[in-house]
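**Q** For Asp57, the entry in TrEMBL reads active site, nucleophile. What TrEMBL records for Tyr116 is substrate binding site. Positions annotated as domain 'Pseudouridine synthase I TruA alpha/beta' by TrEMBL: 13-93, 149-259.
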Amino acid sequence: MQTRPFIYRFPIQYLGLRYAGWAKQNNAKTVQGTLERSIRYVLGHKDFRTLGASRTDAGVSANQAYFCLYVATEIENLEHIHEVFNRNLPPDIRLGAGTEMDTSFNIIQDVASKEYHYHLAYGEKFHPFHAGTLSFFPEDLAVEEMKEAIKIFIGKHDFRRFCSVDKVTDDYEREILDAEVQVHPLAGTSNFPEKSILIKFRGAGFLRYQIRIMVQALVDLGAGKVSKEGLADALKSQEKSPIAPTAPANGLVLERIVFRV
């Protein structure tokens, strides 16, 4: 018998700059920990549980993430309670309206796809106002070559050389549904850097640090440090050493999550 039979799914946005990731930690400020303090204050009790659809790392932001709130009693003012939560959250975390879910809903297993965006500037250091969501690479980059090279990631591949190796499992196959490099839509507007690009990845799931290592590999290609053939060969390799370092976290945004239900 479920002790918390009511399940509510909320969309959540946050700027990851000040947080040590999504998941609660004993000695660090996290998004989940901050969120649960607000929920505890508003509900007036501790008899609840939260579970996120994705565990973002320290410094990573989210435009449309989700979490479930599990409670023992029904929330009567569901259409407005997110506004009450928001009044008790810091400015860098915001909730959208909640939806009551069936008890069969699984916020992790029912994810159909996740889309990540990586925002970066290159060549010339950018205005400090953008430091929370924009990474900087000093090299001039061959953007057109990066646009072509990213296509090799699309499809099912063994990404063991594009992730942090997991000692527990040997399953490194993942499917990239779509991937794109483009000139950043905000390039040259206001104080946004002219030399800036947006890298997009969409897939059913990703390995630890996979997005950031793929980004760094593309940057290395754009800087002439690795070839397109080198990236393609790495997708066929059985080595377990990453092909590139992990790109900085602050440029990565969990853009959206799509559920099957």
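Numbers here mean position along the shown chain, with the first residue as 1.
Every residue, even glycine, has its Cβ placed from backbone N, Cα and C.
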**Q** In the three-state scheme derived from DSSP, which category covers the residue listed as 'substrate binding site'?
**A** strand
**Q** Of the residues in the domain 'Pseudouridine synthase I TruA alpha/beta' (149-259), how many are helix, strand and coil by DSSP?
**A** 31 helix, 31 strand, 49 coil
**Q** Under 8 Å Cβ-Cβ from the residue listed as 'active site, nucleophile', six or more apart in the same chain: what's there?
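**A** Non-local contacts for the residue listed as 'active site, nucleophile': Gly21, Tyr209, Ala249.
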**Q** Relative to the Cβ position of the residue listed as 'substrate binding site', how many further Cβ atoms are located within 10 Å?
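**A** The residue listed as 'substrate binding site' is surrounded by 25 other Cβ atoms within 10 Å.
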**Q** Taking all residues of the domain 'Pseudouridine synthase I TruA alpha/beta' (13-93) together, what is their mean pLDDT?
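**A** The predicted confidence over the domain 'Pseudouridine synthase I TruA alpha/beta' (13-93), as a mean pLDDT, is 96.
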